[in-house]
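K.L.:
Take this structure, written in structure tokens, and hold onto it; I'll ask about it next.
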Protein chains: 2
Amino acid sequence: MSDPLSSGATIGILGGGQLGRMLSVAAARLGFKTHVFEPGGEPPAAQVAHRLTTAPYTDADALARFAQSVDIVTYEFENIPTSALNIIEKYVQIRPGREALRVSQDRLSEKQFLQNLGLTVAPFADVPDHDALEKAVETIGTPGILKTRRFGYDGKGQARLKTPQDIAPAWADMAGQPAILEGFVEFTHEVSVIAARSPQGDIACFDPGENVHRDGILHTTKVPARLNASMRTDAVLIAAKILNALEYVGVLGVELFVTRAGLIVNEIAPRVHNSGHWTQNGCTVDQFEQHIRALAGWPLGNGSRYADVIMENLIGADVKQVADLAKEPNCAVHLYGKSETKPGRKMGHVNRIVK
Amino acid sequence: MSDPLSSGATIGILGGGQLGRMLSVAAARLGFKTHVFEPGGEPPAAQVAHRLTTAPYTDADALARFAQSVDIVTYEFENIPTSALNIIEKYVQIRPGREALRVSQDRLSEKQFLQNLGLTVAPFADVPDHDALEKAVETIGTPGILKTRRFGYDGKGQARLKTPQDIAPAWADMAGQPAILEGFVEFTHEVSVIAARSPQGDIACFDPGENVHRDGILHTTKVPARLNASMRTDAVLIAAKILNALEYVGVLGVELFVTRAGLIVNEIAPRVHNSGHWTQNGCTVDQFEQHIRALAGWPLGNGSRYADVIMENLIGADVKQVADLAKEPNCAVHLYGKSETKPGRKMGHVNRIVK
């Protein structure tokens, strides 16, 4: 696809959660229709999408019909089965491309990819089994974090090792799945860069945000982040290096640890990212529209920021605060339309415009 | 309905055009679902609404089913047949209420209502027939504008009278419909106030915008408008007087002529208004969310403005400029997803953030 996608075209979105929902709204703002593919019932994105297909990723017919009904496909999460992608790609282009998914679906490939680009990552070791974990702890030492190579998010599939005595329980936590051990990095804070690349290779970055997590889940993102000028430049160069190496099209999230020795890449997400939600109330073109613009071959927004913003996630019962939050001046409320409140579930977020 | 509507509730919207579309998106942002009722095919609002009913306003069964499927009903245009409203109101509350619709559906009632409130309006006369038009011209003089009492918008159903010789052709233009004659007002420019009232009687106004029309259709709205301090106060007081008199719940648009003698009320619209689209990129809570907040009984946004904005409508072939507009920094593009471009058709708008 070399011509820009025209208004009126349909964008297929794999995944019907809050990211798919906010992508749908952004697509509509540019005159596109969306068609959401989601195995689960009552997906939040379907409330604002033009069409919904409810089917598992193993349903080849449903995938083929979905692919034939849309002009391009994107996704809101990286753990889409390869078999599903193979079927879709017979009919229609997927953006961001397969290489970004291959790299980011597996923590080991991701670390190796970043290291091969000359970027600094935390010390890591491949841990296919219990013996390998013992060797890895000898090399990397403790404290460290054992993480499943695949399907981990928001702190899931992770076990901390404070001392070598934690090897057995940590390995048991992996339930036999291949893992990697990551060494402990002494960092002062975490920032993330939300960056976009167009099919022509243009790149635009939003200002880095500073992230605070609680219980392994993002709690707040604040812009501007605490970063000196040279780190601010580095953050952009790191993001650009990753985007170009992947010949990436769309929005990518890059999480970075800020250390005395410079920036260390924690992880990348080949999609719009929770730490970029602040852009909805700080930028003319937000991360969701930026992603749609990129994959549609439209000009990218320039990423410039007109306000300082603090984004705060509403997790589980936090959503009960909405009546009070709605009273706050300069506080933009964004709810995801999820019918059931569960502990740890992302129910919405607020963007507080602080300047 | 005295309790605030909870997230997850469904808001029914009568009318599936661009206003219904942007109301749907705003409702979703607060976690509400929307159900659009629209007689025409492929309504823009349906692309972002949870449900769509396609049926004429004369279909009593469809109206009853629609009303029973939602928690509250609002509308994007004022010319809804009374019979349809009667059916809906058997099942569910309509906000803004019936009185606002009754008054604004008829230019004569509207003028009389405004006059009875002590507000200044252009000289006007009831014109039920040709003879009445002759008498009205004798009283009011020329130039003047003859307008059908009902179903006029965007310059439709209007005829200008430059001299008494225009009486016959102007009356012919009305095609037998009852009309009113409005005298000519010497004004320097037009402004509009987008104001909201909550069920508890709280009122919040956005900054007045300055409107420029082309061929009877709004072309641009610019904030801030040229208004001195006392006129700025008057604009708010006028809007509040109208809202309170109607015990109004929701967003109302008030068009005002700026004259040397002060503000003259041109017309009111009991809904979100084209001249309030700038709020999408100038305010934390835009007019669409403000309307949803009001009818849901949520706290109103305070209407404060963080940027100067110029809104420009994309009418008909204007929409071809989108490729260039998307390149402009600080230019937010909003398209309505209309499949067919027609002369005079509102296809989208842009908000340029100028400061």
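Including glycine, each Cβ sits where the backbone N, Cα and C put it.
The following feature annotations were taken from TrEMBL:
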- A:R107, A:K147, A:152-158, A:182-185, A:E190, A:H213, A:266-267: ATP binding site (BINDING)
- A:111-296: domain 'ATP-grasp' (DOMAIN)
K.L.:
The domain 'ATP-grasp' (A:111-296): mean pLDDT?
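P.N.:
PLDDT averaged over the stretch: 95.
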K.L.:
With every protein chain in view, what's the tally of Cβ atoms within 10 Å of the Cβ of A:V185 (ATP binding site), excluding that atom itself?
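P.N.:
Result for A:V185 (ATP binding site): 16 neighbouring Cβ atoms inside 10 Å.
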K.L.:
Looking only at A:R107, A:K156, which of these binding-site residues has the biggest number of Cβ atoms within 10 Å around its Cβ?
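P.N.:
Selected residue: A:R107.
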K.L.:
Find, for the listed binding-site residues A:E182, A:N266, the residue with the lowest Cβ contact count at a 10 Å cut-off, counting only other Cβ atoms.
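P.N.:
Each of the binding-site residues A:E182, A:N266 was scored by Cβ atoms within 10 Å; lowest is A:N266.
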K.L.:
Using DSSP with the three-state reduction, classify A:E182 (ATP binding site) as helix, strand or coil.
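P.N.:
Looking at the DSSP assignment, A:E182 (ATP binding site) belongs to a strand.
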